[in-house]
Amino acid sequence: MERNVILAKNAGFCFGVKRAVDEAIKYQKEFGKKIYTLGPLIHNNDVVNYLEDNDIFAIELSDADSLKKGDVVLIRSHGVKESVIKDLTDKGLIVKNATCPYVTNIQLKVKKCYEQGYKIIIVGDENHPEVIGINGWCNDSAIITNGKTELENIPAKVCVVSQTTEKKETWNKVLNEIVRASKEIVAFNTICSATDVRQKSVQELSKEADLVFVIGGKNSSNTTKLYEICKKECPKSYHIENVKELDESLLEDESVKTIGITAGASTPDWIINEVISKIKEL
C-alpha cells in the first residue's frame, strides 16, 4: 500500500548538540586519549555508544575524584553550575566547555539578576541537568516550576527564565501567574528558537498525519515534549528510540495514509533515515 511519509522540518540534531558532539570528537583526536563528559553528552543511547567506541566516556560528577591530573573533562551542552567548573580546574583537570551558547546566555543572565537582588524563577524540570546547572549560577536559590502546580508566595521582585526545551504554553502559563503577583518582573523567554520552530512544525505535522513516530531518547526532555504535542493532535503518536522499536503492526492499519516523522534534538540523521527506510520497505 502506497503511503505518504512526511519528515518534519528541523527534525534531528540542533546546533548545540551537534556542536558538543563535534567538540568531543575533536578533543579526543587532539589529546589522543580517553576523554570524559560530565553525564551523557546527549540524551541518546545510540550516540553515547558511538562516542564510547571513540574513547569518549560519560562519568558522574562524583566520579571526577578518581580522575588524574591532566585528564580531559568536557562540559556537555546542558552546562553545569559555576562552582563545578572551578572545582574541576582546581583538581588539575583539563576542562573543555561545550555548553550550548543559548544555555550560557541564560546562566549569565541569571547570575547578573541574582547579584542585582532579583529572586530567580526557572520554568522547567527541576531534575534536568540544564536546570540544575542554571540554578547553580544563583547559588542554588531559584524557584523552579514545571507549571503543573500554582506558584505560592511569589516574591515582589523576580527574574524569570526558561529551560531551553520548555513548551511555549507552559512558559506563558507561568508568566501570567507571576504577572498577577509580582510588582517588578524581568522576564527572558529563553526557550531556544530552534525548539520553538521544531514544536510549531510538529504541531502542524501531527494535524496532517494519521500516524506519527517521534524518534529520540526516552530520557530526552525535548523529545518527550515533541511527543506530548503530537499526541494532542494525533492520538496515534509513538515515541521510539530507533528502528528496533518500530512496531510494524501499526503500519498494517489501512486507514493510515500519511505517516509523520519527527525527531528530538539529540537524534542523528542516520537514526532518522533508518526509520524512514524501514517504513518505506513495509
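Glycine too: its Cβ is placed from the backbone N, Cα and C atoms.
For Cys14, Cys100, Cys192, the entry in Swiss-Prot reads [4Fe-4S] cluster binding site. The DSSP secondary structure for Cys192 ([4Fe-4S] cluster binding site) is coil. Cβ environment of Cys192 ([4Fe-4S] cluster binding site): Cys14, Gly16, Cys100, Tyr102, Thr164, Thr165 lie under 8 Å away, each six or more residues apart in the same chain.
According to its DSSP assignment, His43 ((2E)-4-hydroxy-3-methylbut-2-enyl diphosphate binding site) is coil. Within 10 Å of the C-beta atom of His43 ((2E)-4-hydroxy-3-methylbut-2-enyl diphosphate binding site) sit 27 other C-beta atoms, taking all shown protein chains into account. Look at Swiss-Prot and you will find His43, His78, His128, Thr164, Ser220, Ser221, Asn222, Ser266 tagged as (2E)-4-hydroxy-3-methylbut-2-enyl diphosphate binding site, backed by sequence analysis.
Sequence-distant contacts of Ser266 ((2E)-4-hydroxy-3-methylbut-2-enyl diphosphate binding site), defined as residues of its own chain at least six apart whose C-beta falls under 8 angstroms from its C-beta, comprise Phe13, Val17, Ile42, His43, Asn44, Val47, Gly216, Gly217, Ser220, Asn222, Thr223. In the three-state DSSP reading, Ser266 ((2E)-4-hydroxy-3-methylbut-2-enyl diphosphate binding site) counts as coil. If you look up Swiss-Prot, you'll see His43, His78, His128, Ser220, Ser221, Asn222, Ser266 marked as isopentenyl diphosphate binding site.
The dimethylallyl diphosphate binding site annotation in Swiss-Prot covers His43, His78, His128, Ser220, Ser221, Asn222, Ser266 and rests on sequence analysis. Cβ neighbours within 10 Å of His128 ((2E)-4-hydroxy-3-methylbut-2-enyl diphosphate binding site), excluding its own Cβ and spanning all shown chains: 21.
In the three-state DSSP scheme, Glu130 (active site, proton donor) falls into the helix class. What Swiss-Prot lists as active site, proton donor is Glu130.
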Non-local Cβ contacts of His78 ((2E)-4-hydroxy-3-methylbut-2-enyl diphosphate binding site) (under 8 Å, 6 or more apart, same chain)?
Gly39, Thr99, Cys100, Val103, His128, Pro129, Glu130, Gly133
Test of understanding: give the count of other CB atoms lying within 10 angstroms of the CB of Ser221 ((2E)-4-hydroxy-3-methylbut-2-enyl diphosphate binding site).
26
Around the [4Fe-4S] cluster site formed by Cys14, Cys100, Cys192, list the extra residues of the same chain whose Cβ is within 8 Å of the site's Cβ centroid.
Phe15, Gly16, Val17, Ser77, Tyr102, Val103, Thr164, Thr165, Ala194, Thr195, Ala265
